[in-house]
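Feature annotations, courtesy of TrEMBL:
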DNA_BIND  A:124-218  DNA-binding region
DOMAIN    A:2-116  domain 'Response regulatory'
DOMAIN    A:124-218  domain 'OmpR/PhoB-type'
MOD_RES   A:ASP51  4-aspartylphosphate
Amino acid sequence: MRILLVEDDLLLAQGLSTALTRMNYRVELCTTGKQAIQAASESQFELMILDLGLPDGLALNVIKSLRSLKHGIPILILTAWDHLETKIEALNAGADDYVLKPCDIREIEARLRVLVRRHQQRQLDQLQCADLTMDLTVHECRYQDRLIYLTTREFLLLKEFMLHQGKILSRQHLEELSNGWTGETESNSIEVHIHNLRKKTKPECIKTIRGIGYMMVNQYED
Amino acid sequence: MILLGVNSVVLLLMVITGFITYSSTHHELDELFDAQLTQYARLLDQLLIQNSLSLDHTDPLIVYVPQIAEDGIERTSAEERRPEGHKYENKVAFQVWSTDGKLLMKSANASDRELAPRTSGYHEVFHDNRRWICYSTYNREHGYWIFTGQREDVRGELSFYLALDQLIPLSIALLPITILIWIAVYWGIKPIRDLSKELATTKPSMLTPIDITLPVELRPFQIAINQLLKDLKSYLVKEKRFIADASHELRTPLSILLVHADNIKKSTSKEETDAAANAILISTKRLSHLVSQLMETEKLEHSGQLKLTSLKLISLIEESLALVDVGLLDKVEWDLDIDPSLELRAEPGLLVAALRNLLDNAAKYAKVQSHVRITAHVVENKLVLTICNELPEGIDVDLERMGERFYRHQSNQHISGAGLGISITTKILELHNAELSYSLESRLVITTVIFSA
């Protein structure tokens with residue numbers, strides 16, 4: 001799952017990024033509202049963590065701009081502003097949650113899951129695709145009731161497939177998800193990760209759509 | 001309490017009035033009755049001369065006096081006037097004595113002893129335990145003494161009743177007077193009651209001015225209270241803003257500490273641990289700097305009038321430069337163009353701190369090895385101090401927002417500070433009746449301080 005973190009304080013951004021990456025999220029960082037709007041428009045993110053006090057003004061305009069572009073990305077406000085009016089204004093503008101700094105990273109992560117769950121109209125954090133199950137709460141994956149070990153990138157990719165079963169995910173999106181904006185960009189790295197996932201689960205579960213990308217089929221023959 | 005006080009005063013005045021009336025009446029009656037006694041004596045003497053009173057009588061001549069008992073019943077003057085006479089006749093007596101001590105004539109109520117001493121004039125004597133005022137006169141030609149006398153209690157009684165007659169209407173009027181005073185006091189202090197009610201219902205969080213119509217006498221009081229409420233409100237607003245600003249500024253460094261502390265706990269590599277520890281260190285320094293600056297700002301917010309003394313500007317600049325961090329001091333070339341005779345009135349400790357902040361910032365936001373130029377000159381009786389520094393590449397400033405508490409430009413977030421230095425400086429300069437402004441010419445930042453004369 002890719003998260004767009006919009007935070008101008010680099011120390012805090014670095015800390016949040018490290019903590020969320022450890023929890024199997026891919027975090028991309030923007031430090032201004034302008035960058036955030038551009039990133040959200042050009043890349044696919046599951047969620048945005050937005051600081052309100054950005055160098056180029058109050059981030060309420062970011063929310064308003066995204067919503068005016070019909071961008072439905074869930075937005076979690078993480079800010080030091082605790083004025084009631086600001087909270088109401090942010091939520092009315094289209095933010096999905098409002099968290100006050102300082103906040104424990106576990107709470108932030110739990111709120112992220114809630115937002116994504118709500119956005120994807122799921123009720124549980126347990127994903128299932130035939131014999132394959134994934135528990136987003138504890139970051140575990142089981143195939144035929146057997147716990148399988150996945151690397152961070154494999155977990156990220158598999159989670160993405162399971163969240164979007166039956167939908168084609170572009171190669172570019174998967175690469176961004178796997179490598180991030182600053183990661184390595186070997187052209188065959190996605191193939192390697194997909195190969196590993198097929199090996200650890202069932203080869204038929206992830207189907208290659210030539211020239212476009214990959215798709216998880218939710219009904220395959222065992 | 002007011003009512004009790006007013007009534008006590010009225011009562012006291014009544015007692016004093018009564019006493020004065022009694023004394024005055026008593027004195028006047030004394031004079032009147034004394035004159036009467038003398039007249040009686042003279043009249044008696046003339047009658048005796050004209051009627052050729054025989055001094056050879058064996059028995060004294062007794063003049064009838066009706067015996068009317070005093071029963072203590074109050075009667076009108078008309079009722080007291082009886083055909084046989086008046087009961088008060090008993091209280092007036094006379095005697096006529098021969099030179100050789102023989103009683104020649106007396107009123108029936110007079111005793112057989114001499115009423116008064118044989119000395120011409122007035123006397124106070126006691127007969128039957130009663131005080132009498134007597135008058136003695138001697139007829140040398142015919143050789144007899146005439147004594148007239150009157151019981152003193154008549155005079156006292158009369159004075160008492162006269163005083164009482166004056167006080168009774170006043171006493172009767174006391175109750176209505178009390179009621180009227182109570183009503184007057186009640187209505188008189190109604191505005192005070194309203195004011196007190198208004199003050200009692202004023203919530204500390206509201207502190208709205210008292211907007212009621214008060215009598216002219218209470219207006220200054222109302223104005224003073226409203227001014228106090230206004231000052232209190234402004235103080236509370238400042239406090240609230242300070243707390244809001246401070247809590248806002250503290251939240252981010254605290255978040256950094258929390259997140260990185262958690263990261264250290266869960267780190268799996270030395271690099272991760274080092275990065276988190278380093279972030280905690282930086283954030284702790286930032287917090288410590290922020291807290292000390294917050295305290296400084298808070299102190300200045302409540303500063304009153306400063307104790308200003310005349311000082312040489314050049315000395316203040318040199319002192320401030322000496323306090324600039326060595327790293328920053330060496331970062332740029334300092335050009336000073338200040339007339340050594342220029343003076344200004346300042347509180348040295350505070351102004352040096354402010355100038356140090358300006359110089360510190362000038363060096364901080366200057367190109368390495370560039371020149372920071374400090375000049376001063378007098379324009380229209382005002383001392384104008386300017387500090388110019390050249391901005392390095394990649395650093396921008398927003399002139400309109402500089403001096404705003406906690407403001408730092410987005411491109412300068414990596415430069416240490418909490419955005420409070422300039423706000424403190426502005427406050428110090430305000431206290432010195434000086435104005436701080438910034439201008440930008442190309443990449444040259446010009447900081448101007450104008451000290452009003």
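Cβ coordinates are placed from backbone N, Cα and C, and glycine is handled just like the others.
If you take every residue in the domain 'OmpR/PhoB-type' (A:124-218) and average the pLDDT, you get 83. All chains included, 26 other C-beta atoms sit within 10 angstroms of the C-beta of A:ASP51 (4-aspartylphosphate).
Secondary structure of the domain 'Response regulatory' (A:2-116), assigned with DSSP and counted as helix (H, G, I), strand (E, B) and coil, comes to 54 helix, 27 strand, 34 coil. Secondary structure of the DNA-binding region (A:124-218), assigned with DSSP and counted as helix (H, G, I), strand (E, B) and coil, comes to 36 helix, 25 strand, 34 coil.
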